[in-house]
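Enquirer: Structure in structure tokens, see below.
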Amino acid sequence: MAPPSVFAEVPQAQPVLVFKLTADFREDPDPRKVNLGVGAYRTDDCHPWVLPVVKKVEQKIANDNSLNHEYLPILGLAEFRSCASRLALGDDSPALKEKRVGGVQSLGGTGALRIGADFLARWYNGTNNKNTPVYVSSPTWENHNAVFSAAGFKDIRSYRYWDAEKRGLDLQGFLNDLENAPEFSIVVLHACAHNPTGIDPTPEQWKQIASVMKHRFLFPFFDSAYQGFASGNLERDAWAIRYFVSEGFEFFCAQSFSKNFGLYNERVGNLTVVGKEPESILQVLSQMEKIVRITWSNPPAQGARIVASTLSNPELFEEWTGNVKTMADRILTMRSELRARLEALKTPGTWNHITDQIGMFSFTGLNPKQVEYLVNEKHIYLLPSGRINVSGLTTKNLDYVATSIHEAVTKIQ
């Protein structure tokens, strides 16, 4: 008799919530259905948007007979890496001028986080540092915990961030938790458009955060998934990163070009490394090369070529910033419109937090039972946390969504 399958005892894993939500939405035959769960930009017709500048550059690449499908270097396309790091740090960055910056092309922002986490687990402040505490915001993007756990970190903690009562930043709690963190802890920071809350510190608050991190010798690991996409302004969205450079920090910054280029399925990311001197950057990159080699070996070229071609050409760069502003402005408009409708309906509670927040997501303050009502009764799909993708709102569904939220809040406590 043949033995049972070697896979017979494998337990069924829970589906990834945000992707299951989209699958449920697709299968729902109700014509009123609205998807506010997906983490991607949508037009006012609820369609994905291929940026006009991306179409133009793709055509240019297709017509370039000098290009081929040879392997890229392990660390990626050199022009892409330098352009990406420059976008985050700014043309006049002292770190760039002093040649103490390195970049690693990665598979999206998640890949950049993972390469950085793997490196830190092996080499941060010595060797084998899996017991170093890693701090993530409460709440945070769920993959932050998963990536650092998978890299072997055993002590993942949260710092206070969201004040549910005020529906804003718990700055004092944030600062207190940093103050009490063991020296040399790693702190994951959202560079802009915090996911899922949409609440960002002001420049003055960032200064306070940096001050505490400096005297506690804490290591910043920025996650920059929305530069330009948050406010429509590339410089404003990179303010915190550039301030930390000016304060002399060494840090990592995971960059994603999924949102601001609309290149979701091309997996275009970059890990920017800022050190104290050029020599240490070369040493760090040499070890990261080893990690990449056993992880994905070589990155794909197409998305990196699109981004590098755009960022290195002044005309295309200007067109791209216009495309990004189009997306950011539509989201800002949808925020204002949703708030206005809820206030006109006299929906219980305050709704100014919707316009105080920034970026693609809004933490509505809806509780899990209210969310359940919206999903089951109104066919409006959103995460149990109450997070919505604001770009899922359109001029056609705004009234329906607002009245449905009003019903949920009024009927269900």
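Keep in mind that glycine also has a Cβ here, set from the backbone N, Cα and C atoms.
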Enquirer: Swiss-Prot records Gly39, Trp141, Arg387 as L-aspartate-binding residues. Which of Asn180, Asn195, Asn323, Asn352 is assigned to the same site?
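Expert: As annotated by Swiss-Prot, Gly39, Trp141, Arg387 share the L-aspartate site with Asn195, chosen from Asn180, Asn195, Asn323, Asn352.
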Enquirer: If one measures from the C-alpha of Ser149 (phosphoserine) to the C-alpha of Arg387 (L-aspartate binding site), what distance in angstrom results, rounded to a whole number?
Expert: 24
Enquirer: Starting from the L-aspartate site formed by Gly39, Trp141, Asn195, Arg387, give every other residue of that chain whose CB sits within 8 Å of the mean position of their CB atoms, in sequence order.
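Expert: The surrounding set, listed in chain order, is Val18, Pro196, Met360, Phe361.
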Enquirer: I'm trying to understand the geometry here, so how far is the Cα atom of Trp141 (L-aspartate binding site) from the Cα atom of Lys259 (N6-(pyridoxal phosphate)lysine), in Å to the nearest whole number?
Expert: 15
Enquirer: With H, G and I counted as helix, E and B as strand and the rest as coil, say where DSSP puts Ser149 (phosphoserine).
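Expert: In the DSSP reduction, Ser149 (phosphoserine) maps to helix.
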